[in-house]
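Enquirer: Have a look at this one before I ask anything.
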Amino acid sequence: MNQAKQLVSEQRTFFYTGQTKNVEYRIRALQQLRVGIEKYQQRILDALRADLNKSEAEGYGSEIRIVLGELDFALEHLEEWATPKSVPTAAAIPDGVSTIYAEPYGVALIIAPWNYPFQLAFGPLIGAIAAGNCAVIKPSELTPTVSHLINDLIQDVFPREYIAVMEGEVETSTELLNEHFDYIFFTGSTGVGRIVMKAAAKHLTPVTLELGGKSPVIVHKDADLKLTAQRIVRGKYLNAGQTCVAPDYLFVHEQVHDALIALIQEEIQDKFGNDVMKNSDFPHIVNARNFDRVSRFLEDGKALIGGRSERDQLLIEPTVLGDVDWSSAIMQEEIFGPILPVMTYQDLNPVLDEIVRRPKPLALYLFTEDEQLQEQVLNQVSFGGGCINDTLSHMTSHYLPFGGVGESGMGSYHGQQSFDVFSHHKSIMKRSE
Ligand code: NAD
């Protein structure tokens, strides 16, 4: 029996003992996970530094803190989420009592990417545990130090028949996807999302697909430009642009283009220093393959800010690229690096028409106080989620389900939605005889 088959079989046997369905058991498991994360905190930070050169502040803020926040929120609300919900009964069945029971699916598979390798493995795991499932995590091979650490942490905290890690490359993922899981939660690229969904179809396994895409940022002429520049720089250059919800490209009203670019430049200097190439805390591109892919985009326009790269160190400096249009190579695929192409508009309508014609974005950011324009954009464009007058912050709220739509994904999680996504909601009508 191969390792994946063996693991799924052990976990299914354990699931059928019914232990994980006990809410006290799940709460204890989440508490143990919390203790484990605290114990391994320094190793997590060191691993993020080793694989991506994330500083401790960035590693803690964008990975550990988010996971602990989700964990504490689940601990606080789990009993309430797991309590069967009474709902009204249709008048046609006057003696009926209607209740919805949340039950775990069984054995879940969580496949994680490399860009937030800790957060995007443990975030879904919290939902899987809270809902009462067993789970196998497959971390990304492109961040091997974090992958080993996740394996060590999980082995330290949980028996493998309950929660386990299977490390490896595409073959490992494929081996796992051949098995019959009861739920698959995948975070990664749209292309691999298709492979995952096809594999899931064989067993009719439900999936959540958290994918990528090109997320626009639109700055209207009435925007507060200083604040806008700060929030774009924060969202775009966090993790050197290797963020699924990073602003991918910028459309700015032509009247405020020059002022905004000047303020973005100031903000980059304030945040990263005069010479980012000498800033030892700026994250690097994950590997040479991605470096080559991203740095090629530098030739796609004229650098208004930045533009330098250093292959030996896998570094690309925060760059804003002008002289770009919809047909440029950089506008055909997700950039996933610290390069922001900028285009201008007089009339936003043709821009919105083009965005709508393209694959649905994971996020969209609009900077304006004009409420009519806000309504128009929200009505006209379908996208996973986003912000008005900010970037990224929609994904940090426990009360906003996070996910994509169309080619940027299906399903969502965070907060109660993480519990719901890993639960089957069983509807029961009870009548007296
Ligand atoms: P990826 O799709 O290459 O890999 C993700 C995972 O799938 C890895 O664990 C990898 O080992 C596995 N995998 C790779 N090829 C496979 C195959 N052929 N068959 C089965 N499994 C395979 O993605 P990535 O490069 O790790 O991550 C970057 C992408 O993920 C970007 O597109 C980004 O936008 C997206 N992303 C989305 C979110 C989100 O929440 N929506 C979050 C982070 C990243």
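From the backbone N, Cα and C atoms, a Cβ is placed for every residue, glycine too.
The following feature annotations were taken from TrEMBL:
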- E210: active site (ACT_SITE)
- C244: active site (ACT_SITE)
- 14-428: domain 'Aldehyde dehydrogenase' (DOMAIN)
Enquirer: In whole Å, how far is E210 (active site) from C244 (active site) when you measure between their Cα atoms?
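Expert: Between the alpha carbons of C244 (active site) and E210 (active site) there are 9 Å.
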Enquirer: So how many other Cβ atoms are close to E210 (active site), meaning within 10 Å of its Cβ?
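Expert: Other Cβ atoms within 10 Å of E210 (active site): 27.
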Enquirer: Would you mind giving the whole-number mean pLDDT across the domain 'Aldehyde dehydrogenase' (14-428)?
Expert: 97
Enquirer: Around the Cβ of C244 (active site), how many other Cβ atoms lie within 10 Å? Please give the count over every shown protein chain.
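Expert: Taking all protein chains shown, C244 (active site) has 27 Cβ neighbours within 10 Å.
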Enquirer: Could you check what DSSP calls C244 (active site) once collapsed to helix, strand or coil?
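Expert: The residue in question, C244 (active site), is coil (DSSP, three-state).
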